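Heads up, the thing below is written out as structure tokens.
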Amino acid sequence: MGMRMMFTLFLLVVLTTTVVSFPSDSASDGRDDEAKDERSDMYKSKRNGRCCHPACGKHFSCGR
């Protein structure tokens, strides 16, 4: 295999990986809206004393 063929194969793999990763990135944006929102699980837990997030779980009960 020549250098030109190996470089072409490398570019093909890089471009394929980039194209495949775009749809998964845009699909996850909608699912992360709650995590980006101020009224997420950690924010609500401060008002009612419950938290299921590992960062505040040692200070509050999960309530599940």
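Just so it is clear, glycine is given a Cβ too, placed from its N, Cα and C backbone atoms.
Annotated in Swiss-Prot:
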- 1-21: signal peptide (SIGNAL)
- 23-46: region 'Disordered' (REGION)
- 28-44: compositional bias 'Basic and acidic residues' (COMPBIAS)
- Cys51-Cys56: disulfide bond (DISULFID)
- Cys52-Cys62: disulfide bond (DISULFID)
- Cys62: cysteine amide (MOD_RES)
Worksheet item: Out of Cys52, Cys62, which of the disulfide-bonded residues has the smallest number of neighbouring Cβ atoms within 10 Å?
Response: Cys62
Practice prompt. Within 10 Å of each Cβ, count the other Cβ atoms, then let me know which of the disulfide-bonded residues Cys51, Cys56 comes out lowest.
Written response: Cys56
Response to the item:
Expressed in Å to no decimal places, the gap between the Cα atoms of Cys56 (disulfide bond) and Cys62 (disulfide bond) is 9
